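Only one structure is covered here, and it is reproduced in the block below.
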């Protein structure tokens, strides 16, 4: 910096101190200018905080955000492609559900249901990734550009104007000691800077409908996300309801213990057992129908709910007398006749065609 430049900086600093400490009054700016300056300052602070809060809204885990930022920075330094995206909570939940759904298998109700919901969560995570990209492209990036370009430019103009104001006020206090031309030039420079700053602030505030459009893009992106999320959740809800209906329509299975082991204490003779004297007790054959006539064995208990139905217990042998239709048999048990559902029994001797 030249000697003249250093001298000018010293004069500005002297004027600033005299205003702050000594109570000297500087050139006043008009109310319209100060109001525009206030609105620009609020806009600048709003843009910074809203960008930060939007990122927190989309990516709520601070540890994951920090890790992702570090990975992307390292990838950029190494000249690699952009690293992995933010790990959505829905994707993590989907992985767990799909894993245990596979482990449980198709033989139970819970396993396939876990797989259904896991797939839905996976779809939700993909829709959430789309939301992230949409909001970044149409909301965060434009705000970042507004901050880095327009607002920064305005701050530069205001700073330059303030420096020229201090220079003008310093020279104005020394009017008579300085050439009039020097004072006139200082005033012209101050007015010029004030006009540029005022014009840039006016243009920014006048075009704030652009920020409204960016807000609209944010809301539209969220609306689209929630529409797709609703469709995904409705589909999986329908699947789960179907599974519940199907399971409730199935006959209730009763636990039937297997025959217990017994010890054979007999000695002598040919022992045909090869397991150290341990044998399994045999289940007695249920009394009921003769096996040389059409009959069936009850797989479950059946409680008659309507007149004409035949009740029985699991394991009962029922004599078959007739097939009413594809869903019902007619049979006899303990001297009583009635109807019962086909899917409750296992055919031992079929009815003749």
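In case you wondered, yes, glycine gets a Cβ from its N, Cα and C as well.
Going by Swiss-Prot, these are the annotated features:
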{"type": "COILED", "residues": "181-201", "note": "coiled coil"}
{"type": "COMPBIAS", "residues": "243-257", "note": "compositional bias 'Basic and acidic residues'"}
{"type": "COMPBIAS", "residues": "264-282", "note": "compositional bias 'Polar residues'"}
{"type": "DOMAIN", "residues": "18-249", "note": "domain 'BAR'"}
{"type": "DOMAIN", "residues": "291-350", "note": "domain 'SH3'"}
{"type": "REGION", "residues": "1-125", "note": "region 'Binds and tubulates liposomes'"}
{"type": "REGION", "residues": "1-27", "note": "region 'Disordered'"}
{"type": "REGION", "residues": "1-21", "note": "region 'Membrane-binding amphipathic helix'"}
{"type": "REGION", "residues": "60-87", "note": "region 'Required for dimerization upon membrane association'"}
{"type": "REGION", "residues": "243-290", "note": "region 'Disordered'"}
Hey, which bits of the same chain come close to the compositional bias 'Basic and acidic residues' (243-257), Cβ under 8 Å, at least six residues off its ends? 109, 112-113, 116, 299-301, 314, 343-344
Quick check on the compositional bias 'Basic and acidic residues' (243-257): DSSP residue counts for helix, strand, coil, in that order please. 7 helix, 0 strand, 8 coil
